[in-house]
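K.L.:
Not my notes, these are from Swiss-Prot:
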COILED    182-233  coiled coil
MOD_RES   SER106  phosphoserine
MOD_RES   SER207  phosphoserine
REGION    1-31  region 'Disordered'
REGION    116-127  region 'Helix-loop-helix motif'
REGION    116-122  region 'Interaction with PPP1CC isoform gamma-2'
REGION    128-193  region 'Basic motif'
REGION    252-273  region 'Leucine-zipper'
Amino acid sequence: MSDTDNSAEMPARCPSPNPAPGAKQEPPNSGITISLLEIGSLPTVCYHSFPPPKNSICPVEKRGRVQKFSNLLKDVKDVLKNIAGVEEKSTVGEPFDDAYIPEDLSELNVRGVEKKNKIRFKDDLFIHFDPEREQNTMKQMLLKNQSAKNMVPKFARDLCNAEETRGFDGMLLSVKRPRNGSLHLRGEYRKLRNNMEQLLQEADHWSKQHNELSELMRSYQECQNETQETTDKDRACLQNQPNNGLSTKQKLEEQVKKLSHDTHALHLIAALLENECQVLQQRVDILKDFHLHEAGLGHEKPLQMSCEQDKKCPKLAEADKTDAFKHTTRATEGTIRKPKILRSPDVCFTKKARNNRFNARVAKKSLVGKRRTVSSFR
């Protein structure tokens with residue numbers, strides 16, 4: 001009766017949760033069921049610690065135990081199906097707000113996501129399952145219940161409870177995991193986006209600094225070119241200054257030479273003018289003496305004397321007449337016309353020579369006239 005009661009209590013304690021209506025029914029994963037059975041199975045220590053079965057156990061009890069284990073397996077399969085459906089809902093129904101999901105997702109990508117979720121569920125089961133803790137609990141229960149009859153149903157009950165709690169924990173984890181994963185991914189995506197924004201800001205800042213540096217380099221090059229041009233101009237000016245000084249000195253020397261030449265010419269002209277003045281004064285004096293002499297003496301005697309002398313020396317007479325004629329004409333020209341100023345020194349010298357010759361002739365004539373007067377008085 002106890003076995004039947006236990007068999008009646010087992011399905012009541014292990015109700016399988018109803019699957020979601022929109023969940024996609026998939027064949028159970030054999031790897032997951034085997035792993036669960038291996039986890040839920042008793043360790044070798046427990047089997048060795050069991051007392052040997054008695055012959056008094058009926059085959060009815062064996063059948064009941066087989067049915068219990070089959071029921072447990074069915075419940076585990078249903079739990080796994082429900083967990084897979086919940087995971088699919090969580091992955092498909094909760095899209096990321098910040099992430100961009102393209103519309104043309106293929107079925108291969110969906111299947112890959114489902115496989116990843118199943119692998120994640122396996123990992124969660126293996127990670128969160130603590131075999132040492134369960135072994136300790138089982139050992140304590142085995143020590144408390146030493147009877148072989150009550151050990152199997154109690155172990156079945158504990159196993160059922162453990163499977164139920166494990167299934168519900170797995171469901172909660174599978175429900176919470178995508179949410180936590182989505183939050184984690186959102187946080188990482190936000191961090192990446194913030195990092196990208198910071199990098200873009202830094203790139204803008206660096207580009208601005210690069211532009212400023214390029215402008216500074218251009219201004220610096222322009223300043224260098226200007227300073228180089230000014231230095232070249234200064235050097236050219238310094239090199240040209242001695243040449244300019246020499247050219248100015250040469251110009252001044254040439255001007256001094258011209259001035260000295262002009263002063264020398266002026267001095268010559270002044271000397272010639274003074275000489276001409278003296279000559280003119282002499283001429284004036286001679287003419288006065290000649291007029292006085294002509295007025296005081298008769299015309300006949302001097303003419304006779306002159307005729308005799310002319311006969312004696314006809315050549316001298318003709319020369320004297322020509323000289324007298326020239327003297328009279330020049331005297332009249334000197335009184336009427338102004339004396340010409342000769343610019344060239346050669347002309348001045350020739351004129352001076354002519355004047356000297358004229359003066360010599362006038363002096364000779366004056367001497368000849370005096371001699372004639374003396375001879376006539378005798």
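The backbone N, Cα and C atoms fix where each Cβ goes, glycine too.
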K.L.:
Tally the residues of the region 'Leucine-zipper' (252-273) by DSSP class, grouping H, G and I as helix, E and B as strand, and everything else as coil.
P.N.:
22 helix, 0 strand, 0 coil
K.L.:
Taking the Cβ of SER207 (phosphoserine) as the centre, how many other Cβ atoms fall within a 10 Å radius?
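P.N.:
Neighbour count, Cβ to Cβ under the 10 Å cut-off: 10.
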K.L.:
Three states by DSSP: which one describes SER207 (phosphoserine)?
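P.N.:
For SER207 (phosphoserine) - judged by DSSP and reduced to three states - the answer is helix.
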K.L.:
For the region 'Helix-loop-helix motif' (116-127), provide the mean pLDDT of the predicted model.
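P.N.:
So the average pLDDT across the region 'Helix-loop-helix motif' (116-127) works out to 59.
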